[in-house]
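A.B. asks: Quick paste of what TrEMBL says about this protein:
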| type | residues | note |
| --- | --- | --- |
| BINDING | B:HIS77, B:ASP88, B:HIS187 | Zn(2+) 1 binding site |
| BINDING | B:ASP88, B:GLU123, B:HIS385 | Zn(2+) 2 binding site |
| BINDING | B:ARG212, B:ASN278, B:ARG291 | allantoate binding site |
There are 2 protein chains.
Amino acid sequence: MKNWLVEQLQRMNLSDVLVRPQGFTREGYTSEETEAIEVFKTIAEELGLEASEDAAGNAIARWNVSGGQAAVAMGSHLDTVPNGGAFDGGAGVVCGLGALKMLKEADFEPQRPIEVICFRSEESSRFGVSTIGSKAMSGLLDPSIGTLEDQHGVTLAQAAESQGFVWQELLNAKRPKEQLKCFVELHIEQGMHIVNHEKDYGVVKGVACPIRLAVTFNGKAGHTGTTPMDQRKDALAAAAPFISFVQETALQVNDAYGNGKSLVATVSTLTVSPNSMNVIPQTVTAGVDIRSVDDRLKMKMADAIRSEAKRIEETTGVAIDIEVLVDNPSVLLDDGIARQLVDAGDHEAYLAHRMDSGAGHDVMNMAQTWPSGLLFIPCKDGLSHHPDEFAAAEDLKMGVELLSRFLMEATANAGNS
Amino acid sequence: MKNWLVEQLQRMNLSDVLVRPQGFTREGYTSEETEAIEVFKTIAEELGLEASEDAAGNAIARWNVSGGQAAVAMGSHLDTVPNGGAFDGGAGVVCGLGALKMLKEADFEPQRPIEVICFRSEESSRFGVSTIGSKAMSGLLDPSIGTLEDQHGVTLAQAAESQGFVWQELLNAKRPKEQLKCFVELHIEQGMHIVNHEKDYGVVKGVACPIRLAVTFNGKAGHTGTTPMDQRKDALAAAAPFISFVQETALQVNDAYGNGKSLVATVSTLTVSPNSMNVIPQTVTAGVDIRSVDDRLKMKMADAIRSEAKRIEETTGVAIDIEVLVDNPSVLLDDGIARQLVDAGDHEAYLAHRMDSGAGHDVMNMAQTWPSGLLFIPCKDGLSHHPDEFAAAEDLKMGVELLSRFLMEATANAGNS
């Protein structure tokens with residue numbers, strides 16, 4: 001099974017290795033993504049599954065059974081960030097296929113259909129919007145985002161059309177609730193919690209979605225040599241305590257709440273204008289990324305940031321504007337599914353770590369309609385979105401065993417969906 | 001005289017106004033600068049002066065007298081920063097010409113030659129190096145800077161050659177010490193000290209030259225959503241207290257030393273990498289500009305910055321590199337010339353403010369060889385390097401009267417130079 005998983009993952013990465021110096025660049029709605037998805041469909045057919053594609057370009061590999069029961073679905077994606085790794089997305093796709101292979105080889109007879117879904121365009125790197133395929137399938141797609149452009153001026157609608165899809169028809173990818181019973185995504189952790197807690201895999205309780213702010217400090221330019229210190233409105237000097245505040249407050253919140261309910265907050269971008277050695281900074285814009293599974297904690301942090309901005313504005317005379325770029329509520333996953341994923345580990349003698357996800361995934365959208373779960377396998381050094389991203393074949397195999405066990409339970413009867 | 005000054009300054013700015021929304025863009029060693037200098041030579045000839053140009057393209061308007069005595073020289077420049085004003089440089093050139101016009105009209109007979117020098121390429125905006133013409137005349141030009149490029153990839157040597165000069169021959173612009181007796185520059189203040197002290201003009205004691213540092217914070221990138229707060233090496237979070245330190249320490253130093261011995265220090269540039277909303281900042285480079293006429297104070301500040309960087313490095317684990325970009329000792333001007341400039345004001349009933357200059361000027365270079373002085377006239381709101389830069393015709397006329405009075409004293413006898 002380990003060799004089969006590595007080989008199929010290489011095929012879907014259009015490569016004969018899984019780590020290479022420049023990583024993998026396979027962005028959403030490109031011919032590279034389409035090519036990878038074609039390989040996925042080929043492998044599905046080799047396994048005796050029915051391969052199809054919906055109006056958004058999501059590919060579905062289905063183990064059909066007679067009758068109209070709701071299917072148990074798994075899935076992830078095959079697009080990558082630029083110079084990303086072979087496992088972010090791909091691990092979930094290959095483990096889903098591997099689980100069906102294992103069940104077929106064991107002559108297991110599911111009482112309801114099973115699907116592996118390969119979603120389109122999960123990463124936000126190309127158009128600034130993530131999880132487009134799963135948004136379409138869950139009925140969460142806002143068609144107005146078709147006008148978003150990539151860095152070459154190609155719109156999302158044009159990109160989809162370049163791969164054979166009609167933008168307005170993407171809405172048709174929405175699936176009726178009764179078609180699926182539940183959904184499970186397997187993904188690499190992109191962090192170190194599992195290893196740090198000396199566990200084997202992760203079962204996710206909630207997915208933290210960000211509040212993102214653009215905070216602009218409006219100072220006044222002047223000659224660095226001739227403007228006295230006490231007559232300045234230096235936008236960068238005003239931004240500095242703000243940056244420190246975000247860092248220190250996030251640390252304090254985590255100390256106060258402990259590991260169970262954590263929050264991360266980062267000033268991740270900063271642009272200075274005019275950014276010239278002999279001119280006092282006139283304008284600084286800071287991008288703040290706040291995440292927690294607990295939405296109240298995120299909002300409390302955003303409120304604290306607003307108060308601190310007000311304090312800095314009053315003490316420095318530098319006017320501060322705050323724009324909310326993103327404010328998505330976090331997603332709590334289904335407790336019943338999570339219990340089944342933990343039970344699957346008990347059965348296979350793997351230790352589960354119950355945890356939250358700091359990053360977003362396709363399962364966020366699926367969870368709006370169907371009971372959903374998210375299973376993490378470890379990745380080396382917690383590294384992801386990086387050419388060195390890696391997950392051991394041993395851990396991929398564990399993923400297959402966990403999914404198989406979960407599927408055996410979830411498809412054991414054809415009762416009400 | 002006022003109308004004449006405004007008219008000639010308009011001519012040299014190749015314009016019929018002195019303030020316009022987009023300002024003036026006339027960078028060093030461009031055809032625009034050459035054209036302005038041609039107008040300067042034309043005006044000089046209209047006044048009956050001898051106009052010539054040296055190997056660096058500095059233009060000299062000379063009121064010759066028989067005999068080989070050392071000349072009394074004045075001067076400034078006609079190049080501007082992009083979208084700069086009509087007065088930074090131009091005020092000194094037009095007032096020099098105006099002073100000769102006034103003396104000629106008064107039938108004054110100088111006992112030694114008088115020159116007005118229009119230096120080439122004073123601003124650092126194009127090639128990152130300032131005062132190229134006066135460096136050449138003072139023998140301070142390092143010919144290796146000919147390879148410096150502007151933002152279009154044109155080298156300084158190519159730019160000089162495009163205006164008819166041979167780079168290696170710029171060194172020939174160096175003048176023997178015995179050719180000049182002394183040098184005086186008139187410039188707009190680019191600050192508010194004169195007005196704040198309720199005086200009419202400024203007489204400069206020393207010119208503050210900067211220490212400039214590039215401080216690089218080497219953190220570690222990671223996913224903003226999945227990397228716990230206490231396991232980060234956030235380069236921007238490490239840079240924030242550094243920025244605050246520079247600001248606060250400069251304020252404290254000024255409080256401690258009072259107005260007499262001041263220091264300014266600015267973190268004026270900052271670049272963040274990768275500057276992406278969902279990635280923890282990996283590398284931050286901050287540009288620090290430190291200025292004081294007191295070189296020990298500057299060095300003390302640079303030392304304090306090094307200690308603070310070490311402290312931050314130890315507490316955050318973010319490695320910090322400090323590169324010294326510029327470390328020029330400050331220039332003290334000639335006391336005797338300064339006294340003569342104050343006396344000139346006494347004679348004309350203008351009040352002089354004795355002060356330092358936070359910005360560099362051509363006089364810094366001339367002062368290395370000849371006794372030199374720097375005279376400031378006020379400019380509106382202290383604004384410079386800005387389209388709204390402005391100096392009143394009344395103040396230009398005051399400059400002419402002060403220079404004339406100075407010249408009458410300085411050229412009254414042909415004694416030892």
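Each residue, glycine too, has its Cβ placed from N, Cα and C.
Just so you know, TrEMBL annotations never went through curation; they're auto-generated.
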A.B. asks: What does DSSP say about B:GLU123 (Zn(2+) 2 binding site): helix, strand or coil?
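C.D. replies: The residue in question, B:GLU123 (Zn(2+) 2 binding site), is coil (DSSP, three-state).
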A.B. asks: Is any of the binding-site residues B:HIS77, B:ASP88, B:GLU123, B:HIS187 near chain A, in the sense of a CB under 8 A from one of its CBs, and if so which?
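C.D. replies: In terms of proximity to chain A, the binding-site residues that count are none, since no Cβ is under 8 Å.
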A.B. asks: How big is the allantoate site in terms of the longest C-alpha to C-alpha distance among B:ARG212, B:ASN278, B:ARG291, in angstrom?
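C.D. replies: Output for allantoate binders B:ARG212, B:ASN278, B:ARG291: max Cα distance 37 Å.
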A.B. asks: Name the secondary structure element type, per DSSP in three states, that contains B:ASP88 (Zn(2+) 1 binding site).
C.D. replies: coil
A.B. asks: Going by DSSP, is B:ASN278 (allantoate binding site) sitting in a helix, a strand, or coil?
C.D. replies: coil
A.B. asks: Give the distance between the Cα atoms of B:ASP88 (Zn(2+) 1 binding site) and B:HIS385 (Zn(2+) 2 binding site), rounded to the nearest whole Å.
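C.D. replies: B:HIS385 (Zn(2+) 2 binding site) has its Cα 8 Å from the Cα of B:ASP88 (Zn(2+) 1 binding site).
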A.B. asks: Around the Zn(2+) 1 site formed by B:HIS77, B:ASP88, B:HIS187, list the extra residues of the same chain whose Cβ is within 8 Å of the site's Cβ centroid.
C.D. replies: B:SER76, B:PHE87, B:GLY89, B:GLY90, B:ALA91, B:GLY92, B:GLU122, B:ILE188, B:HIS361, B:ASP362
A.B. asks: Whole-number Å only: compute the distance from the Cα of B:ARG291 (allantoate binding site) to the Cα of B:HIS385 (Zn(2+) 2 binding site).
C.D. replies: 18
A.B. asks: Can you check which residues sit near B:ARG212 (allantoate binding site), meaning Cβ under 8 Å from its Cβ, same chain, 6 or more apart in sequence, and list them in order?
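C.D. replies: Within the chain, B:ARG212 (allantoate binding site) has Cβ neighbours under 8 Å at B:GLY287, B:VAL288, B:ASP289, B:ILE290, B:VAL324, B:LEU325, B:VAL326, B:ASP327.
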A.B. asks: Which one, from the binding-site residues B:ASP88, B:GLU123, has the smallest tally of other C-beta atoms lying within 10 Å of its C-beta?
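C.D. replies: Each of the binding-site residues B:ASP88, B:GLU123 was scored by Cβ atoms within 10 Å; lowest is B:GLU123.
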A.B. asks: If we check Cα distances from B:ASN278 (allantoate binding site), which of the binding-site residues B:HIS77, B:GLU123, B:HIS187, B:HIS385 wins as closest?
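C.D. replies: When the Cα distances are compared, B:HIS385 comes out closest.
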A.B. asks: Specify the secondary structure state of B:HIS385 (Zn(2+) 2 binding site) as given by DSSP, simplified to three classes.
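C.D. replies: SS state of B:HIS385 (Zn(2+) 2 binding site) = coil.
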